[in-house]
Structure formats: structure tokens, C-alpha cells
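Peer 1: Okay, these came from Swiss-Prot:
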- Asp249: active site, proton acceptor (ACT_SITE)
- Lys271: active site, proton donor (ACT_SITE)
- Glu22, Val23, Pro43, Gln44: NAD(+) binding site (BINDING)
- Pro226, Gly302, Gly303, Asp304, Ile307, Thr332, Ala333, Met384, Gly413: S-adenosyl-L-methionine binding site (BINDING)
- Ser128: phosphoserine (MOD_RES)
- 1-203: region 'Precorrin-2 dehydrogenase /sirohydrochlorin ferrochelatase' (REGION)
Amino acid sequence: MDFLPLFHSLQGRLALVVGGGEVALRKARLLADAGARLRVVAPQIHIELRHLVEQGGGELLERDYQDGDQPGCALIIAATDDEPLNAEVSRAANARGIPVNVVDAPALCSVIFPAIVDRSPLVVAVSSGGDAPVLARLIRAKLETWIPSSYGQLAGLASRFRNRVKELLPDLQQRRVFWENLFQGEIAERVLAGRPAEAERLLEERLAGGLAHMATGEVYLVGAGPGDPDLLTFRALRLMQQADVVLYDRLVAPAILELCRRDAERLYVGKRRAEHAVPQERINRLLVELASQGKRVLRLKGGDPFIFGRGGEEIDELAAHGIPFQVVPGITAASGCAAYAGIPLTHRDHAQSVRFVTGHLKDGTTDLPWKDLVAPGQTLVFYMGLVGLPVICEQLVAHGRSAQTPAALIQQGTTAQQRVFSGTLENLPQLVAEHEVHAPTLVIVGEVVQLRDKLAWFEGAREGA
């Protein structure tokens, strides 16, 4: 290890920046964020750097650097394109025992700047010792996606209650277990879900009760999207990896299910047409029962849980029993599959509105407002429309839609197995019947379908047309 990682307190202390350009500005911003008072020396100073120094009550010295600029400084930055000057600044700083950083010259540095993930008061630093700064920045970018922005609020909450917890739990091991449970439990989830006041109230109640409590479970109603794991939200992935129990349905792609916590219990509660592995009422009760046992329960649904996903029924049951829950939206099949098929759902020249419709047949027919569905200037998206496709196309034509209206059926959209069958209301049912097609599928009807010929960009499996 060439450099020892340390965090340097600069609150109210003087920091010298030699240089007045873009690079100096970037370094000065970091120093200002850390509470340093800036002294900037350069013949010409960037306008934004000038404003930064003036706002912080610092010093602007519009002239060449002088050796007498260093005394009293806690840190010195050389950020010029003059190599001899940078070397002189480094030599003088080292002679005085002042930490110095010379941009892009590790050999002249006694300290270096890491790539920083700022979730103050939580701060993560990544460094390659100056050998591969681009790699360090790439790692930082990954960390930025993995660490929720609200972790700073969570750390702040812990800081405010640290002394009280220490009084209640004088034993170090007990405190460690307490904080581990807090950072992985319901209080942390309230903060991460954007409900910090509720989290603080729960923590107050727990401390007032002398820390004796029963674990309270929670239900995460999470939309898994249309199939491609890359379309999951950060929050969905985080909750998937911490749940104790997973209830998943048929539309959740195997690749997405594999991202759940490895040791979590998995319960399949999927439904097929006229065949419910677990009735909806039983699913509702299961969610309540499991959460009442103190478990973190993931209800994982394909697409978005509030679009033909019966998510409203499930959280209504949870609310009735006082079970904490949170809902994580997912990319619904309509937007995901249409995008991957190259079909914009709205377009200035073809469709000014879009309508999501259930295509599910009951007793061989559909009870839909057909007169409204044939209005011009709209795109229709039918969920669960594979079996009812002939009826859907027939009824649209019977109520006034042209038989030549473009229409498409998408199978397993957004995945490597995606297939798209393009045709018209007149011939799409026959086209699909000539191929072996299985759910999940989505049907899109409207003039926008014809744009697929130009806009298709994602090639999945062999297409139907």
C-alpha cells in the first residue's frame, strides 16, 4: 500500500490553490465542500472559481505564485500546466511539512485525491494511488449506483441517537448487534423509502421501550419489469437482495428471480388462464401471515404491480391489518415491450393518446367499450390478449376500425427470446396461429406499429414477420 487512506479535517482552515483554470476549480470545489477557507493564486482566475472564493470569504491573489503564499496553510494544491512551477510548489510545501497535491504528478504529491462517493456524513473514497485514476472513477461510478443517496440520512439518524444507545447498551457487542439490526431492518427501510420522520419516530419508540421489542415484518411490493434484468430499478434490486421470503408469479423472468437473496425462501404463487396455483385471497393472507412473523416479504410481480397486477388488492389487505409495506414501480410491459420492438406508443403524426386494456377472455368474449377503442389517433395495448386475439381483432373491425390497421403481437418482450409478429387486424390472428406462440405476450394496435419497419433496434429470437 503506497498511500495510507486518511480523512483530513479542513473545517475553517486555510487551503492554498495555485492555479486559476478548470482543474483548479474542480479541486477548489472539493476543498470548499469540506469547509476549507480558500486562498487562490494565479495571474488569471476562472470566473466560477472567483465566485466560489468570494462566497466562502477566501483570498484571491491575481498574480504569480510566491514562496510566501504557503505559511499558515493546512493543504496546498498545485493545479497549473507549468511543470517547473508545480515542482517548486511541491518542494516548498514538503520543506515546510505541509501536505501537498500536484495534479497529474503523483511523484510530487505527499497526498492524493481519491474518487469520492459522497453520502455525507457517510463518505466512500476509492484510490489507485495515482496509477489508474480512470479505473478509480469507474469503480466510484459503480458504487454510486449501489449506495442509495439516502444513506447519508441514515448515517445522520444514527449519529443523533448514538449517545442514547450507548447509555442504554454499555456493552460494545450489544451495541454492535443493535446497530446491525437497525441498518438492515424496518427503521432503515423507512429512511431509504423517503420517510425519515417515521423512521425517527420508530427509533424513539424502540429506545423508550428499553429496546425490548418484537421484530416487525414488512412487505415489499416490487415490479420486476417486462423481463430484462437491466430494467430493474436500484430500489427493486436492493429489496430483492434483503428479503427473507419471496412470493413470485409466472411473469417474473428466471434471470430476475436469480437476483434475489440466495437463502431466501421462495414461494411460487403464479397464475395461468383459468388456473390459479394459489388463489388471490390466499396470496393476500400469506403476505399478512409472513409479515406478522417478523419477516421481510418480497412480493415480486412482472411488469408494474399497479397495472393489471392486482397490487391494489394486496396492499389493501396489508393496510387493513396494519402491516408496513412499500411499493416499487416497475417498467410495465406496454412501455418495455413496445420500446424493444421499435414501436413508439405515441407519435405526433400517428397517435396522441395510448390506452392500456385487458384482453383477458371470460366465457369466450371480452366486455370492453369497443366504440371508445376505435376512436382515431390512439394506440391500443392489450395485456393478456393471446387467447382473445381473434375476438379482439374481429370486434375492433366490427365497430369501425379498418381491417388494414397495423397490429403486432410481442412474445417475451425485452428478453433474448423476444419475437415480434407484425401484420394488420385482418391477418395478425392467422399469422400468430401459424407459429407456436406462448405467453407472456402483448398486443399493440395502431398506426404507430408501422414505424417498426424503421425503428426496430433490438434483435431477439427469430421474428414472426
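Every residue gets a Cβ built from N, Cα and C, even glycine.
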Peer 1: Can you name every residue in this chain, apart from Pro226, Gly302, Gly303, Asp304, Ile307, Thr332, Ala333, Met384, Gly413, with its Cβ inside 8 Å of the center of the Cβ atoms of the recorded S-adenosyl-L-methionine site?
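Peer 2: Output for this site, in sequence order: Gly225, Leu251, Phe308, Gly309, Gly330, Ile331, Ala334, Gly336, Cys337, Tyr383, Pro440, Leu442.
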Peer 1: What are the sequence-distant neighbours of Val23 (NAD(+) binding site), meaning same chain, six or more residues apart, C-beta distance under 8 angstroms?
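Peer 2: Once residues fewer than 6 apart are set aside, Val23 (NAD(+) binding site) is near Ala79, Val103.
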Peer 1: Rounded to whole angstrom, what's the largest C-alpha distance between any two of Glu22, Val23, Pro43, Gln44, listed as binding NAD(+)?
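Peer 2: It comes out at 15 Å between the most distant Cα atoms.
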Peer 1: Taking every protein chain shown into account, which of the recorded positions Glu22, Asp249 has the largest tally of Cβ atoms within 10 Å of its Cβ?
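Peer 2: Of the recorded positions Glu22, Asp249, the most buried by Cβ count within 10 Å is Asp249.
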Peer 1: Looking at the recorded positions Ser128, Asp249, Gly303, Ala333, Gly413, which has the shortest Cα distance to Gln44 (NAD(+) binding site)?
Peer 2: Ser128
Peer 1: Would you mind reading off the Cα separation of Gly413 (S-adenosyl-L-methionine binding site) from Pro43 (NAD(+) binding site), to the nearest angstrom?
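Peer 2: It is 60 Å, counting Cα to Cα.
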Peer 1: Taking just the CA atoms, what is the gap between Gly303 (S-adenosyl-L-methionine binding site) and Ser128 (phosphoserine) in Å?
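Peer 2: About 41 Å separates the two Cα atoms.
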Peer 1: Could you tell me which of these binding-site residues, Ile307, Ala333, has the greatest number of Cβ atoms within 10 Å of its own Cβ?
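Peer 2: Answer by Cβ density within 10 Å: Ala333.
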Peer 1: Where's the emptiest Cβ shell within 10 Å among the binding-site residues Pro43, Pro226, Gly303, Gly413?
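Peer 2: Candidates: the binding-site residues Pro43, Pro226, Gly303, Gly413. Fewest Cβ atoms within 10 Å: Pro43.
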Peer 1: Give the distance between the Cα atoms of Glu22 (NAD(+) binding site) and Ala333 (S-adenosyl-L-methionine binding site), rounded to the nearest whole Å.
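Peer 2: The Cα atom of Glu22 (NAD(+) binding site) is 45 Å away from the Cα atom of Ala333 (S-adenosyl-L-methionine binding site).
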Peer 1: Which of these binding-site residues is closest to Ser128 (phosphoserine) if you go by CA atoms: Pro43, Pro226, Ala333?
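Peer 2: Closest recorded candidate to Ser128 (phosphoserine) by Cα: Pro43.
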Peer 1: What is the average pLDDT across the region 'Precorrin-2 dehydrogenase /sirohydrochlorin ferrochelatase' (1-203)?
Peer 2: 93
Peer 1: Which site among Gln44, Ser128 has the most other CB atoms no more than 10 Å from its CB, taking these as recorded positions?
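Peer 2: Neighbour-count leader: Ser128.
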Peer 1: When DSSP states are folded down to helix, strand and coil, where does Pro43 (NAD(+) binding site) land?
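Peer 2: SS state of Pro43 (NAD(+) binding site) = coil.
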Peer 1: Neighbours of the NAD(+) site Glu22, Val23, Pro43, Gln44: Cβ within 8 Å of the Cβ centroid, same chain, sequence order.
Peer 2: Gly19, Gly20, Gly21, Ala24, Ala42, Ile45, His46, Leu49, Ala79, Thr80
